[in-house]
């Protein structure tokens, strides 16, 4: 029995609220249980210098945690004068994951910036960010289509992400903070609607893990991500 | 007639939601119309170095804006590697305003950090921050009393803040972004329940302002802050 | 009786020395008693990026303290790698105060930078900076007129600034360091020759202040600034 | 046929040179073909603040590239004033990988810092770093044993790492720069002598990858790492 | 004939004003013609961490230029967020030069910080800084003796510095800015009253220089520094 | 007798290995005994902003030490977020030394960047850097000639550098770390093939030095640099 009372293969209640704030072209609050992340998509009609004049667009992401999104207060990165290694690692992951499902040529010479800011943290903030940012990105792109700036969507397919891990020898889906602090192996999986992987990051926190364990974790992740993609679709229909 | 349809002396709808997030000792979402600021209070059982062993506590504040809280995306200060002058000015103001109503000796050798993070901006974020942070601070202190760590509250009286300004020759209360961009004079007033001032910051954006105009603005602010203090009280009763 | 032997409404001896250094287009040493600030005005034939091609000029300011301008040595900001919040707050105030009396369109596409560097500090450095910087700015603009680069002065009227405060229940003018460290309320007032305000910043350091106290402080400031404007005029005639 | 003439499952020539420099407690030059990384291990008789007094040691890593280790000159991070996100990601990975095979309690209250500096880059610098750093770490620990500071080795088992990827639909082992720039999927695998994983990081650079492709890549990596562990053992015998 | 009308071996008029500001333990304005540097000495009753408990003192220096001390405005280093290489080189030179004439054991466990801030620049700011800082240091040390904190002076002998250079094939003493910009070889010499060198820094700006030229330059510097040491002595007598 | 068994006028064994790494246009490992510095020359077909359109080229240098090139581990400058004063001083010296022997007009509008990275340190890293960087620079320029981008070499003559010092009253050539830590006077001399000086930096570490001592040191340096220039020539012939 998991601390939250969930079965090993059970996601936390997931809630996706679109148009959560009013200024951004896409604005989504995604909740995985007590983890709450605000994902906004901002359309900018320019591209980074290395892409100038190449006839393609760009998708990138930034990530942050509010200082008291966590159990004990974290130092504010803006006051520290730099982003931690962890922050940079996560925002690079979010950016790569979304770029993988967008046709950059079809997007045209514009950039979409995804800001993922953690309002409340209880494990799984990076996977919630990817899953929510996809919805915000879709809203921003639909806005471009509605405004006649794009003829068709450059999004190839849905993408979502989930964490899986081995806790007390049992492979479980969607770890909350208590499980995450305690797990032997932690894996973040980013997958598309077609069941193919964009990113797999598995880390042994304590004991190294076997190939069999990895396979069990990937089975869990596969099912979890399929569920999330259904939820994304429902939110986008609403 | 104001762009929002309000009368000159009318506040925007104010909403104060306590316990907005689950980790902080005080957590308040304050809304002044479309301006939404999350104010958390974190209790730390230590004091900054300059107060070590002096038998008193400290209250301080940090302020930030989510990159897309604004109409066009602002650069993330953590990525820029420093806080802007405006950010530092605002967080220093919030800290001073709250310290002015707390008896630091009675607080004991501990620190309370107020984090004011703007989720959505439409003018008046610094005054909303002060008004909301007071409620979060009160919740945190009540928690210390409930835990037996304090015998009585070191808070002397309520404090709240509002902006006033001269827009098109008319003095108005609680400027939203459209009015703020357009006003001749902008004044932020921080006042206590006893009707005394903690801070007055008046700035001529265009034409300098006369003493008569300043008096009219202070009259408006006085009434507005009394309303806010009533709302704080109601929120704390709820 | 004040520590310096002055009456409540008495300024410290004020001395304004023009052409204090030889390179700048305007160079003024201003002394308020023991407070000494070197204010230089530098004309640059370009404008900041956000004003390019808008047919108007810009006036901005930077502020610094020499490490041993103060009683105990302060850390050098250049060595610390950043300007403090206080420094940024002050230099933003100086810039705003001077911009308020200059017609930016009439100035043309050029920038004037005021550098206010405190050689010796004894309270009131920001108000001395504004008062001295105005004289340096005037010299720089007169130089542009003499060189045929401007037909008429874009300066609308004089501006000067003074601090006032409540010390031991008495409102006093032009606080020195001893009074400043000890005051209940501290107010900086920036006013023009026509008696209108550009900036009022009042802060309760200890007890909040009443409206009556604020009015008494503004009366003192009004008289003090009128005196300073006369002294600016005399210095510019010399 | 691969650009280098290798078969899909073939490593580049690997060379491990111990005692490459004279000051460090462990100093290894590792070469994977044209990729050359200097890995030094420094023993420090203290631990980071968060471990003070906890009766355990720490292993950490830093990574850097010489500016002209690459085909076109990269900016020097020390001159830029910060380490890139990529650098931080890699050094965090190296640290985690080595910590996973060391018993921190058995190491005692001391820290071993692994510096991995790329002298020449041709793909696979992070996996070469992990593989070489393990040898440097072993030398440093053997030095502690020889000096009587440790009774037995706290190293549990060997660890090594290799990259695998899908290039032109073919899964290949140990990608060089040409292959890396061109691959559809890139995976870094960190594995122990017992055949268990410490870290798997798979990224789709172009097309997402299927589970079957992932399995093929893991098979390649498994064989490659076994070879590397043999080579580590031979180098340590020499 | 030199641009200033001086003979090759002639110093500019040198003026040394003690007690230029009121807070520092030593405060000297030194002028070499139009070059004006404020040198303050601050006594701190502690030493840097690397000297804690070693029974000796420390002397160090910091250097800065006011933004408009120069002909065209230089960017403020505090605003840039770092000190330039030139600044660091100069302040290291000043510190080394003064440490060389002070007996650190006799100074006791305290630190004297020399701040050399250039008010107006016309060449030779680093040599003026060393020459003036020695006087400020002496005043600070005499203050420690007067206060009974030191029994005798730890200063072994006077130190002063001057620049020499080859301008249009002629070796000249004490270059001003016009000469400095135009010289083939530039040499800064730091020498003690006993005629021995503490530092010689000779740089070919255009053509390399011969040993004969170097000897001619050292002869000039030797005479110039003797003059400066006489002037230091007279200032300290005054 | 010197600690290394050398005579006072004896260089350490010097080894110059060209083409040490494969990417740079010039790549030289230079060894002065145990001191090993990798010097790479990178040709960039652009110039720094201050030279744009002036029809001339530029030569500049950067310097770094690997963290464990030294006896005890130094902090990594990239992780510290800045280069030390010492680093900046050395890289400025290297750049000046090489610029002095290159005809910038003849080089054309391109820049050559010399990176000098210390792999192992045992005293004399800056003089080894200059001596080795000259060889790397020559290789890079010969590459430009071979590629038809330059008709003739813009290099006027060889340059090399050596340290000399007074150790235990004896003037000695090419100090290693043990001597360097212990010397009374330390001098770095940069000289050309024609026997003229580009830079002389002499510093009294303990006792000031006399003119006679300086002359003895320059005699030693002169002979040592002639030897180094012969070795450079032999390496370039090889």
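Positions of Cβ are set from backbone N, Cα and C atoms, glycine also.
TrEMBL: automatically predicted annotations, no manual curation.
Phosphate is bound by F:124, F:125, F:126 in TrEMBL, and the record lists one more residue there from F:76, F:86, F:156, which is F:86. Between the listed binding-site residues, namely F:86, F:126, the fewest other CB atoms within 10 angstroms of a CB are found at F:86.
Per the record's binding annotation for phosphate, residues F:86, F:124, F:125, F:126 show a top Cα-Cα distance of 13 Å.
Here residue F:125 (phosphate binding site) comes close to F:35, F:37, F:65, F:90, F:116, F:118: these same-chain residues lie at least six apart in sequence, with C-beta atoms under 8 angstroms from its C-beta. Each of F:63, F:90, F:118, F:121, F:123, F:127, F:128, F:129 belongs to the same chain as F:86, F:124, F:125, F:126, is absent from that list, and has a C-beta within 8 angstroms of the C-beta centroid marking the phosphate site. Within the same chain, residues at least 6 positions away in sequence whose Cβ sits under 8 Å from that of residue F:124 (phosphate binding site) are F:32, F:35, F:162, F:163, F:174, F:175, F:176, F:180.
Looking just at the domain 'Exoribonuclease phosphorolytic' (F:159-221), the mean pLDDT is 95. Annotation note: residue F:124 (phosphate binding site) sits in a coil segment as assigned by DSSP. Taking DSSP states H, G and I as helix and E and B as strand, the domain 'Exoribonuclease phosphorolytic' (F:10-140) has 42 helix, 41 strand, 48 coil.
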